Amino acid sequence: MNHFDAVIIGSGQAAPSLAVGLANRGQSVALIEGDKLGGTCVNSGCTPTKTLRKSARVAHMVRRAADFGVSTGAVTVDFPAAMARMRERVDTARRGLTAWLKRTKGVEVIHGWGSLAGFDENGRFIVSVGESKFSADKVFLNTGTRSFTPPVPGLENIDALDNASLLALDELPDHLIIVGGSYIGLEMGQIFRRLGSKVTVVHRSDRLAEREDEDVSEIIAKFFQDEGVTLHLNAKIAGVGRSMRGVLMTLEDGTEIAGSHVLFATGRAPNTDKLNLAAVGLETDSRGYVPTDAKLRTKVPNLWALGDVNRRGAFTHTSYHDHEIVLADLDKIKDRYQWKDADQRPTTYAMFTDPPLGRVGLSRTEARKLAAEGRNILIADMKMADISRAKEESETTGLIRIIVDGDSEAILGATVFGIAGDEIIAIFSNFMATGASYKIMQQALPVHPTVAELIPTILAGLKPLAAANA
Ligand SMILES: Cc1cc2nc3c(=O)[nH]c(=O)nc-3n(C[C@H](O)[C@H](O)[C@H](O)COP(=O)(O)OP(=O)(O)OC[C@H]3O[C@@H](n4cnc5c(N)ncnc54)[C@H](O)[C@@H]3O)c2cc1C
Ligand SMILES: NC(=O)c1ccc[n+]([C@@H]2O[C@H](COP(=O)([O-])OP(=O)(O)OC[C@H]3O[C@@H](n4cnc5c(N)ncnc54)[C@H](O)[C@@H]3O)[C@@H](O)[C@H]2O)c1
């Protein structure tokens with residue numbers, strides 16, 4: 001039986017850097033992947049969606065050309081060409097990753113589905129891939145998640161799409177029905193609408209992206225409707241079936257929606273079912289995720305879980321950060337300038353609608369709960385419509401919101417929803433990493449004319465949360 005110092009199961013967003021990091025420390029590493037190297041992000045997540053989003057945004061801006069004094073002919077989208085551009089980007093990213101792993105001495109990539117098969121006589125893990133077995137001193141799980149589809153009557157009679165099969169289409173859907181109005185549903189909905197599909201979003205909550213503040217959900221609903229997307233909120237699906245046009249969806253209130261395709265964007269399920277974790281005495285939580293401590297160690301010694309599967313993040317950057325936590329822990333680094341602990345890092349992400357929503361730390365809804373507990377919480381908002389640069393760009397949708405601890409003066413959260421919000425949010429997350437007073441940020445000299453130049457002005461308007469919303 002071959003032996004490795006470390007075996008990584010799943011080539012998620014932590015795995016390649018972890019594999020190379022361990023190999024650079026002199027360890028022999030096997031990286032096991034059952035599907036395509038690069039995982040969800042590279043193959044059916046971030047990379048393809050952000051590439052296709054660009055085609056959609058170009059189409060949108062060209063349609064708006066007259067707003068900027070530019071005339072065009074009729075605007076058409078060459079869907080196969082946009083998809084080819086996307087696939088080329090994905091293939092290039094995967095090729096680069098594959099080459100990097102191949103040229104790293106000490107890393108062996110093994111294709112197949114990995115699972116645990118107990119311990120050998122020396123107490124080392126046994127890992128199986130098909131008929132092959134390996135022993136390993138350390139095992140790292142980075143197996144990610146897959147699309148979750150809720151039980152819907154009639155589902156077995158239609159070809160429902162998920163993020164991966166939607167991105168594999170060669171023809172533009174005539175009418176795309178999207179179930180779920182959160183990250184995937186909203187990003188895909190806007191992209192396909194702009195590429196030329198009719199789009200209907202069927203969402204079970206009373207507002208889109210219900211984890212965000214109410215006014216953020218309202219803004220999203222407004223620009224979706226302005227772009228011609230039909231929304232069904234508080235919607236309960238009674239059933240789906242085949243129809244002349246493709247699919248007929250019926251809601252419990254009797255509404256019938258005839259579409260050509262249906263995408264389920266209703267959350268994710270962890271890839272732990274193939275892992276046979278019981279063989280090493282590890283249990284998942286009730287939803288199938290792997291519990292870990294803040295250093296991402298499971299209850300079984302020398303077995304770690306990184307990425308979405310540990311439910312401590314659901315993003316590429318959190319998965320990548322997980323590998324830094326693990327390496328720092330193995331190296332016994334105690335650097336006070338680094339967050340090397342999954343409990344301490346703030347939540348930060350962007351939702352890549354257009355305009356994008358950048359978020360870090362507390363939302364207003366979460367901050368209100370702290371204020372209700374008696375914490376001294378300050379808040380300041382500014383509408384994008386009041387920001388010169390946004391006006392100059394004719395892209396005035398959205399808002400900036402900053403939340404501060406009135407006692408410690410630390411920034412607790414920010415929302416930058418508007419032009420370049422996905423980039424500007426890093427100003428706040430970077431600053432929050434210093435733990436410094438917001439008053440220092442207020443003294444920084446911004447460049448004119450930028451959206452970010454308003455940050456000191458917004459901070460000057462901080463008010464107690466309750467009073468700000470009274
Ligand atoms: C449509 C979409 C868009 C997204 N956009 C963004 C975005 O813009 N920004 C962002 O930060 N996040 C985005 N995400 C989320 C992001 O893709 C994930 O959070 C990220 O990929 C982290 O995943 P991971 O490291 O846990 O593993 P994954 O990337 O999910 O990879 C896990 C890998 O493990 C493999 N695997 C599973 N089980 C086994 C096994 N038993 N043996 C061998 N291999 C196995 C799988 O085949 C897969 O390749 C998006 C997700 C989707 C679906
Ligand atoms: N920009 C990004 O970083 C990005 C982009 C896409 C995806 N992702 C990741 O992918 C993950 C999955 O995204 P997602 O949007 O599928 O999941 P999600 O869990 O964020 O949202 C699922 C949505 O579907 C709705 N829903 C669930 N069941 C429904 C039903 N039966 N009928 C109608 N609506 C229903 C829910 O109310 C919820 O709003 C997220 O956790 C996110 O981290 C990230």
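Numbering starts at 1 and runs along the chain as displayed.
The backbone N, Cα and C atoms fix where each Cβ goes, glycine too.
Keep in mind that TrEMBL annotations are predicted by a computer and have not been checked by a curator.
Sequence-distant contacts of H448 (active site, proton acceptor), defined by Cβ-Cβ distance under 8 angstroms and a gap of at least six in the same chain, do not exist. Here TrEMBL flags H448 as active site, proton acceptor.
Under the heading FAD binding site, TrEMBL lists K50, G114, D308. Within its own chain, D308 (FAD binding site) has G12, G144, T145, R268, P270, A314, S319 as residues 6 or more apart in sequence whose C-beta sits under 8 angstroms from its own. DSSP assigns D308 (FAD binding site) to a helix in the three-state reduction.
Summarising the annotation, TrEMBL assigns NAD(+) binding site to G180, G181, S182, Y183, I184, G185, L186, E187, G267. In three-state terms derived from DSSP, L186 (NAD(+) binding site) belongs to a helical segment.
Sequence annotations record features per position, and here TrEMBL assigns disulfide bond to C41-C46. Under DSSP, C41 (disulfide bond) is assigned to a helix (H, G or I) in the three-state scheme.
Marked as domain 'FAD/NAD(P)-binding' by TrEMBL: 5-319.
The average pLDDT computed over the domain 'Pyridine nucleotide-disulphide oxidoreductase dimerisation' (349-455) stands at 97. Taken from TrEMBL, the feature domain 'Pyridine nucleotide-disulphide oxidoreductase dimerisation' applies to 349-455.
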Any further residue of that chain within 8 Å (Cβ to the Cβ centroid of G180, G181, S182, Y183, I184, G185, L186, E187, G267) of the recorded NAD(+) site: I178, M188, G189, A209, A265
Densest Cβ neighbourhood among C46, L186 (recorded positions), 10 Å radius: L186
Filtered binding-site residues, from S182, I184, L186, G267, whose Cβ is under 6 Å from an atom of ligand 2: S182, I184, G267
Cβ-Cβ distance under 8 Å to G114 (FAD binding site), same chain, at least six residues away: V7, I9, G10, I32, G34, V127, S128, V129, K274, L275
Number of other Cβ atoms within 10 Å of the Cβ of K50 (FAD binding site) across all protein chains: 15
Listed binding-site residues adjacent to ligand 1, that is, members of G114, L186, D308 whose C-beta is under 6 A away: G114, D308
Residues G180, G181, S182, Y183, I184, G185, L186, E187, G267 [recorded NAD(+) binders]: greatest CA to CA distance in Å: 14
Cβ neighbour count (within 10 Å, all chains shown) around G267 (NAD(+) binding site): 15
